[in-house]
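J.: Pulled the feature table from Swiss-Prot, pasting it below:
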type	residues	note
REPEAT	80-92	repeat '1'
REGION	80-213	region '7 X 13 AA repeats of [GW]-X-X-M-X-X-G-X-[IL]-X-[IV]-X-G'
REPEAT	99-111	repeat '2'
REPEAT	118-130	repeat '3'
REPEAT	144-156	repeat '4'
REPEAT	163-175	repeat '5'
REPEAT	182-194	repeat '6'
REPEAT	201-213	repeat '7'
Amino acid sequence: MSEIILTPKEQPEVPLEAPNIKPDVFAGKSIDEIKNIQIMYGNEVVKLGDFFEVSGEPADAASDIKIIIDGDVYNTKRIGQEMTAGEILVKGNVNMYVGAGMKGGRITVEGNAASWAGQDMRGGELEILGNAADYVGSSYRGDWRGMSGGVITVHGNAGNEIGEYMNGGKIIIKGDVNIMPGIHMNNGLIIIEGNAVARVGGEMAGGTIIVKGMIQEFLPGFKYLGVEKDIEVNGETFPGAFYKFEGDHAIKGAKGIVYAAVGCNGHIEP
């Protein structure tokens, strides 16, 4: 796989909008042509080379390209937006919308990600080794269809409303989450290995949420179905005992499932 290395020159006070940082756009271009790719700096159209040193070996196919961002890009948005193939490795933090609309390929962020990581994601893999802010795998503002495919893994903590309006795919949070994970969820799987503050699965109609830690405050719209051990979801087994709930029956005909680890959640057992 050919590697193209972007080294940040500086991170400006006004965020960069860079949806063109993806293998699909770099494919078939020389290094000089990649330097001339357009990005947004506020309301100005600028060149990628104005803010990044560019080096490496180009390739004709997106699937043969690995973009390495060698430094922190905490003020660069939309990296990998709607990418379909190839790889991106970010050796630092990223701003909002990393992997938004992603259809294929793989993005790895070695630092933290701001809000809307993997928004409206449809395929591929997004891995964040640090923390993620709010709306991981959520819908576009005003839409009622969120993430529908792919896998998002956050090794740290995540914020509010992860998987909002989720329609498919899988989100794994290895740390804790804030309020309303899986709000308006219709399908897919959310795995929370840490704790959740409150309102897990609020107004969910379908899909599955597994919480291995403690749910501090649970919603009243869920029907208790008993205890299940070594649960299996989509061919994957999760060992241990879990309280099983169906809901959220604030929504007519809701069939969403929330599993909460017995060892951490005796306070929500009916």
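Even glycines carry a Cβ here, placed using N, Cα and C.
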J.: Considering pairs 6 or more residues apart, do the repeat '6' (182-194) and the repeat '1' (80-92) have at least three CB pairs under 8 Å?
T.: no
J.: Between the stretches 99-111, 118-130, 144-156, which wins on the count of C-beta pairs under 8 angstroms to the repeat '5' (163-175)?
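T.: Most Cβ pairs under 8 Å with the repeat '5' (163-175) come from 144-156.
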J.: What same-chain residues lie close to the repeat '3' (118-130): Cβ under 8 Å, and 6 or more beyond its ends?
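T.: The answer is 83-84, 93, 97-112, 136-140, 143, 145-156, 169, 171.
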J.: Are there residues at least 6 beyond the ends of the repeat '1' (80-92) whose Cβ is under 8 Å from a Cβ of it, and what are they?
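T.: Non-local partners: 1, 19, 21-24, 27, 61-74, 98-111, 124.
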